[in-house]
Amino acid sequence: MDNHSSVPWASAASVTCLSLDAKCHSSNCSSKSTASSISASPETQTMRHIAHTQRCLSRLTSLVALLLIVLPMMFSPAHSCGPGRGLGRHRARNLYPLVLKQTIPNLSEYTNSASGPLEGVIRRDSPKFKDLVPNYNRDILFRDEEGTGADRLMSKRCKEKLNVLAYSVMNEWPGIRLLVTESWDEDYHHGQESLHYEGRAVTIATSDRDQSKYGMLARLAVEAGFDWVSYVSRRHIYCSVKSDSSISSHVHGCFTPESTALLESGVRKPLGELSIGDRVLSMTANGQAVYSEVILFMDRNLEQMQNFVQLHTDGGAVLTVTPAHLVSVWQPESQKLTFVFADRIEEKNQVLVRDVETGELRPQRVVKVGSVRSKGVVAPLTREGTIVVNSVAASCYAVINSQSLAHWGLAPMRLLSTLEAWLPAKEQLHSSPKAVSSAQQQNGIHWYANALYKVKDYVLPQSWRHD
């Protein structure tokens, strides 16, 4: 819940910045004459003092942010879930081979939680053919029976996961290489519905054709990040991935600009029109409705095309959000509130929706999960770390499956917002004709959010991330 009372550590930080300002002022201005200092008007001196203090606050916050990013890497060895990634020593992992006919995840291949729906056959004369990329990794053997090089063509995501798997195979069995028996198929050798026709699937084996290795090979494919893996046959393993269009531009989380938030005044406002300082309906850690201030936009791009997940509830609410975004889910059996990636929410799950009559957040059952492609992405960050969009409670965070950890990671930005609120005569600066809403200026990912997205691969285990 928002805290509007005096914050002791905020005052202490302000004193620190003022002392830094004094030191800065002393060192920079020692060469100037006393007469020049006296000639400046009191208003000018005040504005200079405020500007110096703001710079000191920015430096202090940047230092805190750097410490919060670096400390986990210093004191927590990274749990590397893929070959060649992670800092520190690799932890020993107990990997269990798959058994014949087992699939991971245990869902239909074409669900959003697996490799996703079919998008259409790609032929050599198709516009999407240019999106397929050749794989010339020397650590991978391609059978290429057709002699056309088709087995080397695949989607970008498929190539990325396959290269990771090739490295894992060499680590697991020195001297053995990964064998690809089929990738993109242009000759219709598979069923009517196959991701091979889109370059999103591969059938694999080991170069020695030792079938006793195939169960572990399937496990390594899961660890490499393939979205659906099946030990389909004693002769080979089948793997597939999500389409590049579904994950390429935003591996993080956003809402559509047309989605609305409820202001404290009772007015509904499109997210594309929100401003920093707006107080919008949010949710506390125990599921209570509360109004919280928007302190920044982690991402804002009104022109970008993006794929979204749509969640429809039995009460008529519809939330449109990117797949990696966290959404609040009520667990009736354990009576607990959790946060789940949007593309992993299933029908019959319960999400929290604002009750029009009482204003409270109540569970409603999800009756339909769909997908839509729309223009624009907006990701406001509230002080509470949550926001109610289109009446559905959601997190402000994405990518990692821990609301508390994500909230902790954005602590420096909340600190900066608090310290700025304590600046003397802050209104004088904002009343300047040159002052423009930073939300309206922003076009893209916030620098701090972008830094967190980059560092996550090195400090967080793969099981914690949306991949």
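Placed from the backbone N, Cα and C atoms, the Cβ positions cover glycine too.
What TrEMBL records for this protein:
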TRANSMEM  56-75  transmembrane segment
BINDING   Glu145, Glu146, Asp151, Thr181, Glu182  Ca(2+) 1 binding site
BINDING   Glu146, Glu182, Asp185, Asp187  Ca(2+) 2 binding site
BINDING   His196  Zn(2+) binding site
DOMAIN    252-355  domain 'Hint'
SITE      Asp299  site 'Involved in cholesterol transfer'
DOMAIN    358-402  domain 'Hint'
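Structural mapping of features recorded in TrEMBL.
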residue	record	Cβ contacts under 8 Å, 6 or more apart
Glu145	Ca(2+) 1 binding site	Asp151
Thr181	Ca(2+) 1 binding site	Arg143, Asp151, Thr203, Ile204, Ala205, His236
Glu182	Ca(2+) 1 binding site	Arg143, Asp151, His189, His196, Val202, Thr203
Asp185	Ca(2+) 2 binding site	Ala150, Ser194, His196, Tyr197
Within 10 angstroms of the C-beta of Asp187 (Ca(2+) 2 binding site), what count of other C-beta atoms is obtained when all protein chains are considered?
11
To the nearest whole angstrom, state the Cα distance for the pair Asp299 (site 'Involved in cholesterol transfer') and Asp187 (Ca(2+) 2 binding site).
43
Validating a neighbour-count step here. Other CB atoms within 10 A of the CB of Asp299 (site 'Involved in cholesterol transfer'): how many?
25
Local confidence of the domain 'Hint' (358-402) - pLDDT mean:
93
